[in-house]
Amino acid sequence: MAATFSSLSDDLRSPILPPPANNKTEKICIDEMLQKYCGEFGNWQLKHFVLTSLAWALEAFHTMVMIFADREPDWKCVSGRECSAGGSVCSMSPESWEWIGGKAASTVSEWSLICGDKFKVGLVQAVFFAGCMIGAGVFGHLSDSSLGRKGSLTVVCALNAIFGCLTAFSPNYWTYVLLRLLTGFSSGGVGLCAFVLATEPIGPSKRGTAGMSTFYFFSGGIAILSGVAYTFQTWRTLYIVASIPSLLYIILVLPFITESPRWYLVRGRINEATNLMSAIASFNGKHLPDGVVLALDEEVSESKQASNDLEYSSDYNLISYKEMKNKDAQVGSIVDVMLNPITRIRLIVAIALNFLGSVVYYGLSLNVANLETNLYMNVLLNSVAEMPAFTITAVLLDRFGRKPLTIGTMWFSGFFCLLGSLMSSIGVWKVIKMVCGVLGIFGMAGTYNLLFIYTTELFPTVVRNAALGTATQAAQMGAILAPLVVVLGSWLPFGVFAACGILGGMFAFYLPETLNMPLYDTFNGLEAGLT
């Protein structure tokens, strides 16, 4: 009887229905999902990275084509006419000399941009970079908001193809200036959109090295362009040939590139972000468990905090099906960056570093264009010379971190520029001065591409491209100023470059280290990660 009563008592205490299946769902951010389940840099990321980074070569085409299109060709005396082959054409009658290759060789020969009109060549360059400055800000915002990374990249490549081809049909100089301004506007968005789109799906431990590798595509584009320009030596044909690859990129490459999962996430499109992460895991030969749900970093932090408060209660990391559905988009602008005290300081320092680095990089590029080679070989050698800087920086990036490397490369460049300013331009000192210039650009080439990675990691996803666009605008302002510094002559250019490099290294002390830190999605997530 007692046994029967005990059995009945146990039955009464047991649940009427069997316990439900374990429906625990883990909230996890993108970086953690990449590390634990998808792979930080697998086959999917490699394919996506290469295809996206090809856009850098397109930017090199549209930016550096002016070196060949606006060159001053050689000239020769007309037979039977009196002229001095070693003199200046400005002191000769127009009938006594002619351009080698004819007037169609460049814009200089076609529109006589020499003597009193020589400044117009520099004006075109300044206007192009001014367009880049405007475009970087506009497309930086659009890629963070409505268009997305891939959408913005598609638009800028299409505009580059259109404006580049139209430039070839410019009837006069001022139309040419206008079209170069428009090309600069679209080119200003290519690099930043491609960089962010290429690096956002990569895990934190591999992101730095991969980001440094994007600049091989830019230098490679310059090297290819030198061969293209050597083959097509009339400026109108060159512009068409240099613009067609942008159209081919849209047709043949962009369909195989996907949008950034981080952009999907901050726009509230949770299902699309999760499906994409599942596809990445599958392509990499891994599996994303059903119980893992993608969330913003601030939601993950709140979930962990709640679990601590509940002391690992049964509600730990449990979320309902409704929470897995799409949510409202997270948006931000450059105004939000300035209003936040953390990102405000970061943006100001990033602007200073990009401006100062650009002055040195572009200034030294113009200042060392004195190799005893023809123009095409000169450009080829300059592009190849930058590649060792990319390699060394990439190797050291994850060993020493972003901050020490930024300081070191800027001071390295500034030190040799300072030495160059102390050298005369006579005898062996002239050779030493040239070596100082080469070492200066070697150091600043490493800094210049490192700043892209550093700036990207300093800001949350909701404003990342807007912040990078603003920093790129500062770099374009430096590019506009660089030719004016070079014109100063004597020791002053090296002196200015030395001051910029040393000052930039001092500014970098105000930035935090971002090595192996996650890419935060929102301002709240960034602030939570610093506490």
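Placement of Cβ uses the backbone N, Cα and C atoms for every residue, glycine included.
Note that the structure is predicted; figures quoted are calculated from it, not measured.
Per TrEMBL, the feature domain 'Major facilitator superfamily (MFS) profile' maps to 48-516.
If you look up TrEMBL, you'll see 121-140 (among others) marked as transmembrane segment. Cβ atoms under 8 Å from those of the transmembrane segment (121-140) belong to residues 63, 66, 70, 72, 107-108, 113, 147, 152, 155-156, 176-177, 180-189, 192-193, 334, 465-470, 472-473, 476-477, 479-480, 483 of the same chain, restricted to positions at least 6 beyond its ends.
Long-range contacts of the transmembrane segment (152-171) within the same chain: residues 52, 55, 58, 62, 135, 139, 142-143, 179-180, 182-183, 185-187, 189-190, 193-194, 197, 235-237, 239-240, 242-244, 246-247, 249-250, 254, 257, 465, each at least 6 residues beyond the stretch ends and with a Cβ under 8 Å from a Cβ of the stretch. Taken from TrEMBL, the feature transmembrane segment covers 152-171 (among others).
Residues annotated as transmembrane segment in TrEMBL: 177-198 (among others).
Within the same chain, residues 41, 45, 49, 53-61, 64-65, 67-68, 191, 194-195, 198-199, 202, 238, 241-242, 376-377, 379-380, 382-384, 386-387, 390, 393-394, 397, 449-450, 452-453, 456 sit at least 6 positions outside the transmembrane segment (210-232) and bring their C-beta atoms closer than 8 Å to a C-beta of that stretch. The transmembrane segment feature in TrEMBL is assigned to 210-232 (among others).
Beyond the transmembrane segment (238-257), the same-chain residues lying 6 or more positions past its ends with a Cβ under 8 Å from any Cβ of the stretch are 47-48, 51-52, 54-55, 57-58, 61-62, 65, 68-69, 150, 153-154, 157-158, 160-161, 163-165, 167-168, 197, 225, 228-229, 232. Marked as transmembrane segment by TrEMBL: 238-257 (among others).
Annotation source TrEMBL lists transmembrane segment at 347-364 (among others). Counting only same-chain residues 6+ beyond the ends of the transmembrane segment (347-364), those with a CB under 8 A from a CB of the stretch are 334, 337-338, 406, 410, 413-414, 417, 437, 440-441, 444-445, 447-448, 451, 454-455, 458-459, 467, 470-472, 474-479, 481-483, 485-486, 493, 496-497, 500-501, 503-504, 507-508, 510-511.
Packing against the transmembrane segment (376-397) from elsewhere in the chain are residues 64, 67-68, 208-209, 212-213, 215-216, 219-220, 222-223, 225-227, 229-230, 365, 368-369, 405, 409, 438, 441-443, 445-446, 449-450, 453: each is 6 or more residues past its ends and has a CB under 8 Å from a CB in it. Marked as transmembrane segment by TrEMBL: 376-397 (among others).
Residues annotated as transmembrane segment in TrEMBL: 409-426 (among others).
As annotated by TrEMBL, transmembrane segment applies to 432-454 (among others). Sequence-distant contacts of the transmembrane segment (432-454) (same chain, at least 6 residues past either end, Cβ-Cβ under 8 Å): 191-192, 195, 199, 207-208, 211-212, 214-215, 350, 353-354, 357-358, 360-361, 364-365, 367-368, 370, 385-386, 388-390, 392-393, 397, 402-403, 405-406, 409-410, 412-414, 416-417, 419-420, 423-425, 468, 471, 494, 497, 501, 504, 511, 514.
A Cβ distance under 8 Å defines the sequence-distant neighbours of the transmembrane segment (466-485), meaning residues of its chain 6+ beyond its ends; these are 122, 125-126, 129-130, 132-134, 136-141, 144, 188-189, 191-192, 195-196, 332-334, 337, 343, 346-347, 350-359, 361-363, 365-366, 451-452, 455-456, 458-459, 492-493, 496-497. If you look up TrEMBL, you'll see 466-485 (among others) marked as transmembrane segment.
Only residues 6 or more beyond the boundaries of the transmembrane segment (491-511), in the same chain, are considered here, and those with a CB under 8 A from a CB of the stretch are 345-346, 349-350, 352-353, 356-357, 359-360, 363-364, 367, 402-403, 406-408, 410-415, 417-418, 420-422, 433, 436-437, 440, 443-444, 447, 454, 458, 485. Per TrEMBL, the feature transmembrane segment maps to 491-511 (among others).
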- [ ] Determine which residues of the chain contact the transmembrane segment (177-198) at the Cβ level, with the cut-off under 8 Å and only residues 6 or more beyond its ends counted.
- [x] 48-49, 52-53, 55-56, 58-59, 62-63, 66, 123-124, 127-140, 142-143, 149-150, 152-153, 155-157, 159-160, 163-164, 166-167, 170, 210-211, 214, 218, 257, 259-260, 452, 456, 464-465, 468-469, 472-473, 476
